[in-house]
Structure formats: C-alpha cells, structure tokens
Amino acid sequence: MSPFDRLLGVMTKPGIMLSYIGLIVLSFLYFDKPIAEYFYNLDIRAHLALIGWLTKLGLGMVWLPVLFIAALFFRYIYANREYEVRAWFLFMCVAIPSAICGFLKVLFGRARPNLWLHNDLFGFYGLQLHSPFWSFPSGHTTTIMSLVFGLSIVFPRYAYALMLTGITVAISRVLLTHHYLSDILAASYLSLLEIGILLCFLRRKSWLAPAWGHTV
C-alpha cells in the first residue's frame with residue numbers, strides 16, 4: 001500500500017473525519033481571528049521575503065500550463081508513454097480540485113483576513129463574485145496539496161517529503177494573512193478526498209494506469 005493510500009485510509013475513518021471537521025469549526029470560532037491578527041502585526045512579508053516566493057508554488061496558473069505542455073511534449077516530441085500519462089494524471093490532479101475550489105469560493109463567499117483586519121468583516125456571505133470574499137477554501141493550498149498528493153502517488157518513495165513541502169506552502173498562506181487557518185485545513189482535506197476519488201475512478205477504469213500502476 002502506498003503512503004497516499006495509507007493516509008487516505010486513516011483520514012477517512014469516521015472518527016478521524018469528525019475530529020478533523022471539528023478542528024476546522026474550532027479554528028473558525030476561536031483560532032482564526034487571533035492567528036490572523038498575530039501574523040498581521042508580525043508582518044512576515046516585510047522581514048522574510050522568501051515566504052512570498054514560497055507561496056507562489058501554490059499558483060495553479062503556473063502548474064496547469066507546465067503539466068499540459070509536458071504531456072504534449074512526451075506525446076509528440078519525445079515520445080514516452082509513461083511520462084505522458086504521468087503528466088496527464090498530474091494535470092487532472094491539479095485541474096479538477098482547482099475547479100471545485102473555485103466553485104466553493106464563490107458559493108461560500110468567505111471574507112478574507114484583510115477584510116476583517118481593515119473593515120471588520122468576518123464570516124461567510126454567500127455567492128460572492130469578488131475575490132476579497134474568496135477566502136474559503138484556500139486556492140493555493142488546494143493547488144499545492146492536490147499536486148503533492150498526485151506526485152506522492154506517482155513517486156511514493158518521496159511521498160512524505162512532498163507532503164511536507166505542500167504543508168509548508170499551505171502554512172505560508174496563513175503567515176502572509178492571505179487566508180485563515182480553517183481555510184487551509186479545509187482545502188487540504190478536500191484535496192485529499194478529491195484526489196482519492198479521482199484515483200479510485202481511474203483505477204476502476206484502468207485509465208492512465210502507467211502513472212500509478214507501479215504503486216499498487
């Protein structure tokens with residue numbers, strides 16, 4: 001069993017799932033505001049520029065074209081079936097959760113930390129089309145965690161290092177006060193579930209099997 005399958009198995013146990021959801025709720029009620037205020041006053045962005053660069057690893061607009069071009073490259077220029085399907089698999093791992101995340105952002109309409117820090121707006125406002133109300137779930141966290149979960153399936157030997165990298169990028173969103181803690185907790189869990197469902201579907205259909213077949 002791959003590290004991803006073990007993690008998915010643990011995190012989908014009813015007790016663990018309810019505990020995790022409870023943690024998200026507790027964060028929303030008690031932790032989000034003080035954590036956001038603390039890091040806003042700390043102003044990490046001004047003192048540690050590296051964090052600003054690190055957080056860019058969560059940009060979907062970076063990974064989607066890179067993976068799409070990689071898939072075409074290994075299909076038409078340097079033909080390699082295994083590398084091609086890996087690229088398509090990773091592309092799907094980023095594209096599908098990102099699309100779901102975008103829908104949820106608009107649906108929930110959660111005000112970002114800056115709106116609370118400067119305008120005293122906190123919580124969910126529903127069906128918002130403006131990015132200041134797209135805090136939940138975190139898009140950068142969704143992108144990077146979906147990518148590292150996909151990479152951990154393709155390269156199980158490096159799974160834990162990859163996941164640690166993803167968690168670091170996700171935490172940077174809180175350090176920079178772009179998101180609340182509950183935003184990244186929810187995004188990480190949703191990404192895990194979505195990649196798990198995607199992998200289950202692909203395994204049943206035997207689609208893109210060379211991408212993950214060696215890990216089963």
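We count from 1, first residue shown onward.
Every residue gets a Cβ built from N, Cα and C, even glycine.
Annotated features in TrEMBL:
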{"type": "TRANSMEM", "residues": "7-31", "note": "transmembrane segment"}
{"type": "TRANSMEM", "residues": "51-76", "note": "transmembrane segment"}
{"type": "TRANSMEM", "residues": "88-111", "note": "transmembrane segment"}
{"type": "DOMAIN", "residues": "89-199", "note": "domain 'Phosphatidic acid phosphatase type 2/haloperoxidase'"}
{"type": "TRANSMEM", "residues": "131-151", "note": "transmembrane segment"}
{"type": "TRANSMEM", "residues": "158-178", "note": "transmembrane segment"}
{"type": "TRANSMEM", "residues": "184-202", "note": "transmembrane segment"}
Considering only the recorded stretches 7-31, 51-76, 131-151, 158-178, 184-202, state which has the highest number of Cβ pairs under 8 Å to the transmembrane segment (88-111).
131-151
So are the transmembrane segment (131-151) and the transmembrane segment (184-202) touching or not, going by 3+ C-beta pairs under 8 A with a sequence gap of 6 or more?
yes
With the greatest number of Cβ pairs under 8 Å to the transmembrane segment (184-202), the stretch among 7-31, 51-76, 158-178 is 7-31
Quickly jot the same-chain residues contacting the transmembrane segment (7-31) by Cβ under 8 Å, restricted to those at least six beyond its ends, or write none.
1, 163, 180-182, 185-186, 189, 192-193, 196
Sequence-distant residues near the transmembrane segment (51-76) by C-beta distance (under 8 Å, 6 or more away from its ends) are 44-45, 83-84, 87-88, 90-91, 94-95, 98, 138-144, 147, 165, 168-170, 172-173, 175-176, 178
Mean pLDDT across the domain 'Phosphatidic acid phosphatase type 2/haloperoxidase' (89-199) comes out at 98
